[in-house]
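Taken straight from TrEMBL:
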- A:6-27: transmembrane segment (TRANSMEM)
- A:52-363: domain 'Ammonium transporter AmtB-like' (DOMAIN)
- A:82-103: transmembrane segment (TRANSMEM)
- A:123-143: transmembrane segment (TRANSMEM)
- A:150-169: transmembrane segment (TRANSMEM)
- A:181-199: transmembrane segment (TRANSMEM)
- A:211-230: transmembrane segment (TRANSMEM)
- A:250-269: transmembrane segment (TRANSMEM)
- A:306-327: transmembrane segment (TRANSMEM)
- A:339-358: transmembrane segment (TRANSMEM)
- A:364-384: transmembrane segment (TRANSMEM)
C-alpha cells in the first residue's frame with residue numbers, strides 16, 4: 001500500500017512538471033487576453049472593450065464550471081459511504097483534465113502560425129466540456145476504481161476526445177455546440193466499455209454499500225439541480241453570438257422543463273404503490289439537456305424542444321427501470337450511476353435529432369463518437385485491468401475508507417457496537 | 001393507491017401533450033432569438049450583437065433560475081423527513097409551471113400581430129417569476145398535500161397570476177419589477193387561503209415529523225443563502241437597461257444586508273436564554289428582498305433601502321414568534337413555512353412603499369393582488385378539498401414515505417429497533 | 001445570560017440606527033446607478049447602456065457574493081456540532097461588514113466633491129472583498145468566540161482594512177486586484193494574532209467536538225467548490241475592462257487547477273496508509289487562488305500561473321501537516337480552520353510574486369498588510385479579552401448549543417441514551 005501511494009505521488013509530480021514544461025513551450029494568451037488587445041482593438045476598429053469575447057462568454061463559462069465541479073461532483077455523492085470519493089475524485093480528475101485538455105484541444109484547434117496555442121475564455125469552456133466526457137465515464141465506474149485509474153482514464157479520455165472532436169467538428173463539419181455526440185455519446189460509451197472490461201463478478205460483496213441514505217440523496221439533488229439549471233448555459237456557451245446563444249438557451253430551457261414532468265410521470269407508474277424513485281428524479285430529469293446538445297442552436301421551434309425533452313426522458317427513465325438491471329445481468333456491464341440512461345441514449349437521440357434537421361454529416365459524426373467510445377474504452381479498459389493500479393477489492397467497493405481518512409462519527413460508533421444493524425440494506429438500480 | 005397513480009400518470013401525460021400542441025400552435029422565437037435577428041439588427045441599425053437583450057438579462061435570468069429551483073427548493077428541505085418532497089415537488093411544479101406560464105403570460109403580454117407568442121430571455125424570467133408565486137403558496141401547504149394537488153394549485157395559480165399581473169401592470173400601469181405585490185403578496189394570500197380551506201384539525205398526529213434535524217437545517221441554509229445572494233438579480237432582472245438595473249441591485253443589496261442584522265437581533269431576544277432560532281435566520285433575513293420588490297428601481301436612496309430592510313425584518317421575525325402560533329390556533333391557518341411572515345407582510349410593506357413613493361395606482365395594484373390571492377385561494381382550495389386527489393392522512397403528513405421510495409438507512413434501522421426513541425420531539429414554529 | 005443578550009440586542013440596534021443615519025448623511029447613487037445616467041451618457045457621448053459599468057462587473061460581483069456567503073459560510077460547516085455557527089455567524093458578520101465597509105471604503109476612496117460617497121457596483125464588490133478579510137480572521141477563531149465578539153472583530157477589521165487598503169493602493173500605488181496582500185495576508189495575520197491573544201490553554205476540554213462527521217465534511221465541500229469555481233471572478237472582478245479581466249480569469253483558473261493536483265499528491269503521501277485527508281482537500285486546493293490575487297492581471301504567462309498554483313499548494317498542504325500542530329503547541333496559536341496555511345502563507349507568496357514581477361512598492365505593500373494584521377490583531381484581541389462579551393467556556397467551544405436552539409434529533413436522542421458512545425472521537429488537524 002505505501003508503495004502504491006509513493007508511486008501515486010511520483011505519478012502526480014511527473015504529470016505536474018510535464019504540464020508546466022508543456023505550457024511553457026506551447027501556451028500563450030490570445031489577442032483578447034493579452035495586453036496586445038488594445039492594439040488589436042484599434043487595428044480592427046472595435047468600438048468598445050465589451051466586444052472582447054470575455055463579455056459574451058464569461059457568464060456562461062462560470063455556469064458550465066459550476067456544472068462540472070458541483071453538478072457532476074454532487075450528483076455522485078448519492079452513495080451512502082462514497083460521498084468523499086464522489087465529489088473528491090470528480091474534483092481531482094476535472095482539475096487535471098482541464099489542463100491536459102487545454103493542450104490537446106490547443107494542438108488540434110488553436111495552434112497559431114508561431115506554433116503556440118493561444119488561449120482565451122473559449123478555451124476554458126472547451127476544456128471544461130472535454131472533461132465532462134471523462135466525468136461521465138467516471139459515473140459508470142464510480143466506487144470501483146482507484147484515483148490512479150481515474151487519472152489514467154482521464155489522460156486517455158481527454159486525448160481521445162480531442163481527436164474525435166477534431167474529426168467531427170473540423171473534418172466532418174458537423175455541428176454540436178452542446179456536445180450530444182462529442183461529449184455525452186462518446187463519454188458514455190467510453191465509460192461503459194471500460195466498466196465492461198473491468199467487470200467484477202463478485203461485486204455483490206459490497207452490495208450493502210451500493211445504496212443511498214436519506215441525506216446523501218439530498219446532497220445528490222444539489223448536483224442534479226445545478227446541472228439542470230445551468231444546462232442552458234452549457235448548450236449555448238460556445239454558440240454563435242447574438243441569436244445563436246439566445247435560441248440555444250430557450251430550446252434547452254424548454255427541453256429540460258418537459259423532461260421533469262415526464263420523469264415524474266414515468267417514475268410514479270414504475271414503482272410498487274406508485275412511489276417516486278429518487279434515482280429517476282436525480283438523473284432522467286436531465287435527459288432533455290443532453291438530447292438538445294446538438295440541435296440547441298437550430299431553428300427547431302419551441303414545441304420541437306418540448307418533444308425532444310419528452311421523448312428523451314421517457315427513454316431515460318425506462319432505461320433506469322429495465323435496461324440497467326438487464327445490462328448488469330446479461331451484458332455484464334456494471335453502471336453505477338446509470339450513465340447509459342442519462343448520457344448514452346439521450347446523447348444518441350440528440351445526434352439523431354441533429355441528423356434529421358441538419359443532414360448526413362451529423363449522422364457520420366454520431367458514428368465517430370460511438371466508435372471512439374467503444375474502441376477507446378476497450379483499449380483503456382485493458383490498460384486499467386493491469387494489476388498495478390491499486391483498485392479496491394470487491395468487498396471494499398463503494399467505501400471511502402479505502403482512500404480517505406473518514407471521521408469516526410456517531411453513526412459509525414453506534415453501528416460498530418450494533419453490528420447486526422449494518423447489513424442487508426436495499427440497493428437501488430443506479 | 002395504484003388507481004390514484006395511474007390517474008396521476010394520465011393527468012401528467014395529458015398535460016404534456018396539451019402543452020406540446022399549444023406550443024406548436026402559439027409559441028415562436030422572437031426577433032432576438034430567431035435567425036431573423038441579423039436582418040433585424042441591420043434594419044434597426046444596431047451596431048453590435050451585444051445589444052441583443054440576451055446580454056443584458058441572461059446573467060440575471062440564471063440567478064433567478066437558481067433562486068426558483070435551489071433557493072425555494074432547499075429552503076423547503078428543513079423538515080426532518082420531508083426533504084425529498086420539499087426539493088422534489090418544488091422541482092416538479094416549477095418545471096410544469098414555467099411551461100404554462102410561458103403560454104398564459106404570452107397570451108396576455110406577448111401576443112404578436114400574427115397571433116403568435118414571441119419568446120426571448122425576458123419571457124423566461126417572467127415565467128420563473130410567475131412560478132415563484134405558486135412556490136410561495138406551496139410553502140404554506142408543505143407536507144400536507146399530494147403532488148397532484150400541487151399540480152392543480154400550480155395550474156390555477158399561474159392562470160390567476162397572469163390575469164392579476166395583466167391588470168396591475170398593463171391596466172393600472174403600476175410598477176412592480178421585483179413583484180412585491182404581483183408575486184409575493186398574491187402568492188402568499190393564495191397559499192394561506194388554500195391552507196385555511198384545507199385546515200386539518202388533527203394535524204398534531206404527525207407532530208413528531210414537523211420539526212427539523214440538525215443537518216436538514218443546514219440544507220435549508222443552502223436555500224436561504226442562494227435566495228439572499230441572488231435577490232438583487234431577482235429585483236433587477238426585468239428592470240430598465242442601464243441605471244435601472246444598476247440601482248435595483250444596490251437597493252436590494254442594502255435592504256437585505258439590513259435584514260440580516262435585524263433578524264439576528266430580534267431572534268436573540270425572543271428566545272429563552274437568548275438563543276438564536278434557525279427558523280428566523282432561514283426566513284426573516286430575506287424579508288428585505290421581498291419588501292424591496294416594488295420600489296427596487298425607484299430613487300429611494302441607499303438609506304431608504306436600509307430602512308425598508310430594517311422594518312420588514314422586524315415585522316417578519318415577530319410574525320414567526322407571535323403570529324404563526326396565533327394564526328394556527330385562532331384563525332385555523334396552518335402555515336408550514338411561515339409564508340405569512342416572509343412573503344405576505346413584507347410583500348404588503350413593499351406595496352405600501354411603492355404607493356408612498358409612486359402614487360395611488362400602486363395602492364390599487366396592491367389591492368388587486370390581495371383580492372386575487374384570497375378569492376383565487378378560496379376557489380382552488382375548494383377544488384383541492386374534493387376527496388379525489390390522494391392527499392396524505394393526518395398521521396402521514398410531513399412524511400416522504402407516502403410519495404417516495406425512501407432508502408432504509410442507518411438511523412431508521414436503529415430507530416425501528418429502538419421504537420421508544422421515535423416520539424415526542426420538539427416542533428419549531430415553522 | 002439574559003442580560004448578555006439584551007446588551008447584544010441594544011448593541012445591534014444602535015449599530016443599525018447609526019448605520020441608517022450615516023448612510024442618510026453620506027451615501028448616494030453614483031452617476032451610473034442614478035437617473036442622471038441618461039444625461040451622463042449623452043454628455044460623455046456613450047453609445048449604449050451596455051457601457052454602464054454594471055454590465056462589465058455584475059456577473060463577477062454575483063460570483064464574489066456567492067464566495068462570501070456560501071463559499072466561506074459552508075467551508076466553516078465542517079465541525080460536527082458547529083455548522084449553524086459556521087454558516088450562521090458568517091452570514092451575520094458579512095451582512096454587517098458590507099454596510100460598514102461601504103462607509104469606510106467610501107470615505108477613503110469614493111468621496112465626491114460634494115462630500116457624499118457615490119456608490120455603484122464596484123463599491124458592492126469592494127465591500128464584499130473587505131468583509132472577506134474579516135471572514136478569514138473568523139476562521140482562526142471559529143467555535144471559540146461569541147457573536148458579539150465577532151461583531152467587534154468585524155467593526156475594527158473593516159476599519160483597519162480600509163486604512164491599509166488606502167495606504168497600499170492609493171499611497172504606495174501597489175497593485176492587488178485579487179487581494180493577496182490586502183485581503184488574505186492582512187485578514188490572516190489579523191485573525192491569528194487575535195487567536196493568539198485569546199489563547200485557551202484548556203481548549204482540550206471540548207476536544208470531542210473539534211472534529212467533523214461524515215456529512216459535515218460533505219457540506220464543507222460545497223464551500224470549497226464554490227470558492228474554487230468562482231475564484232477567477234474574485235481575482236478579475238475589479239481588474240481593468242477588456243484584456244485585464246480576461247487575463248486575470250485565465251491566470252487564476254490555471255493556478256487553481258494546479259493546486260488541486262498538488263494537494264491530492266501531497267495529502268496522499270502525508271498520511272498513514274496513503275489515505276487522503278479531507279482537511280487538505282477542502283483548503284489547500286484553494287491556495288493557488290489566494291497566491292494569484294496580486295499578479296492576476298499581470299502578464300505572468302499561463303505556465304507561470306501553473307507554477308504559482310503548484311508552489312502555493314505544496315506549502316499550504318505541508319502547513320496543515322506540520323505547522324498547525326507546531327503553532328498550537330509552541331506558539332500558542334489555536335487556528336481552527338488553518339487560515340495560516342490557506343491565507344497567510346499563500347497570501348505572502350502572492351505578495352512576493354507581485355514584488356518580483358512589478359517592483360518594490362509591492363514589497364512595501366506586503367509589509368504594510370502584515371503590520372496592520374499583527375498590530376491590529378493585538379489591539380482588537382486585547383479588547384476581546386475583556387470578560388464582558390459572553391464567550392463560551394472551554395468545555396462549550398465548538399458547540400452550537402450555546403448560541404442556537406438546536407433541534408433534538410434522532411442521533412442526539414440516541415446518544416443521550418447511549419452516553420458511552422459520545423466520547424473520544426478523533427480530532428483532525430484543522
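Heads up, the Cβ atoms here are built off N, Cα and C, so glycines get one too.
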Study note, to complete from the structure: Contact count check, CB pairs under 8 angstroms to the transmembrane segment (A:364-384), set A:6-27, A:250-269, A:306-327, A:339-358; argmax is A:339-358
Revision key, fill the gap. For the domain 'Ammonium transporter AmtB-like' (A:52-363), the averaged pLDDT of the predicted model is 95
Practice item. Could you give the residue numbers and ranges of same-chain residues that sit at least 6 residues beyond the transmembrane segment (A:181-199) on either side and whose C-beta is under 8 angstroms from one of its C-beta atoms? Key: 129-130, 132-141, 144-145, 153, 157, 160-161, 164-165, 168-169, 174, 290, 293-294, 331-335, 339-340, 342-344, 346-348, 350-351, 354, 362, 365-366, 368-370, 372-374, 376-378, 380-382, 384-385, 391
Check your understanding: What stretch of A:6-27, A:211-230, A:339-358 shows the most Cβ pairs under 8 Å to the transmembrane segment (A:82-103)?
Key -> A:6-27
Exercise for review: May I ask for the residues of the chain that lie six or more residues beyond the transmembrane segment (A:6-27) and have a Cβ under 8 Å from a Cβ within it?
Suggested key: 96, 99-100, 102-103, 106-107, 115-117, 119, 147-148, 151, 390
